[in-house]
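Asks: The feature S-adenosyl-L-methionine binding site is assigned by Swiss-Prot to His29, Leu31, Gly58, Glu79, Asp107, Asn122, with sequence analysis given as support.
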Amino acid sequence: MTTTETGTRDPDALVRRAGKRADTRQDQHFLVDDRVLDRIPEYATDADIDLSHVLEIGAGPGALTDRLLATAERVTAVERDPDFAAHLREEFTEEVAADRLTIVEGDALEVDLPDFTASISNLPYGASSEIAFRLLPEQRPLLLMFQQEFAERMAADPATDDYGRLSVTAGHYADVEVVETVPPEAFDPQPRVTSALVRTMPRTPDYTVPSDDFFMDFLKAVFTQRRKTMRNAVRNTAHISGLGDPDAVVEAADEGLMSARAGKLTPADFATLATLAYEVGQPEA
């Protein structure tokens, strides 16, 4: 078995042993840069993240899996490609037998997830948003690879160009930080864009909302008209937010909030408006 200077499996050799190339049509881009792979677990240990049971989504040929096994007590790897799932079982036979590695073959958006303590994953770009927002409500630390543009929008502050629905939604569940940008050369095959590693740490918001589901629907609605004032955004998007009486919300809300645009409001501002909308806007049951 070919190993690196640190004693871990060589990523390129893992790809060769898997006997299958990445399918870019399925957004598969294998992380093969040893230096990046070695740093990823360090971002978890530096933050004192509990690594007793790590969930990895999109394990592919197993380069990150190998690094995680060197750090974590247990790893559950979710892989939807049956060929790569079979390769992982063969490559890590000893770890599977020792109950340190569990391979779950299936779609991460559909399978039952274990009771993990953290998720560390190089996500397929096409499903990264859906996977992230399946994981964030679990209130566990996450280290996830995204396209850089998506990552920067996740971590954006209010009133910045990148700030939007994604920023508010992610920040509702966690403190979000871009810890490293990763060039295309770190992957095989190389993607056309730069990637970024995001670390999220669960947080309790400093505001309350009537329900997470209603809050998310309200955000989705008003950010479809982010260039309009909130007055117009609330009125024009009742078909999305489910409000039966959006005019009642506009009349009851603070004028300063109603005259602002979505990109200028803080998460707490949105929570205030969502709570008011829930109370007076006659939302659908």
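Glycine is no exception: its Cβ is also placed from the backbone N, Cα and C atoms.
What you are looking at is a predicted structure, and each value in this text was computed from that prediction instead of being measured.
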Asks: Going by DSSP, is Leu31 (S-adenosyl-L-methionine binding site) sitting in a helix, a strand, or coil?
Replies: strand
Asks: Counting other Cβ atoms within 10 Å, pick out the least crowded of the binding-site residues Glu79, Asp107.
Replies: Asp107
Asks: On a count of neighbouring CB atoms within 10 A, which of the binding-site residues His29, Gly58, Asn122 is highest?
Replies: Asn122
Asks: Enumerate same-chain residues with a sequence separation of six or more from Leu31 (S-adenosyl-L-methionine binding site) and a Cβ-Cβ distance below 8 A; give 'none' if the list is empty.
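Replies: Long-range Cβ contacts: Pro11, Leu37, Ala63, Leu64, Asn122, Met145, Val182, Ala186, Phe187.
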Asks: Tell me the coarse DSSP state (helix, strand, coil) of Glu79 (S-adenosyl-L-methionine binding site).
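Replies: For Glu79 (S-adenosyl-L-methionine binding site) - judged by DSSP and reduced to three states - the answer is strand.
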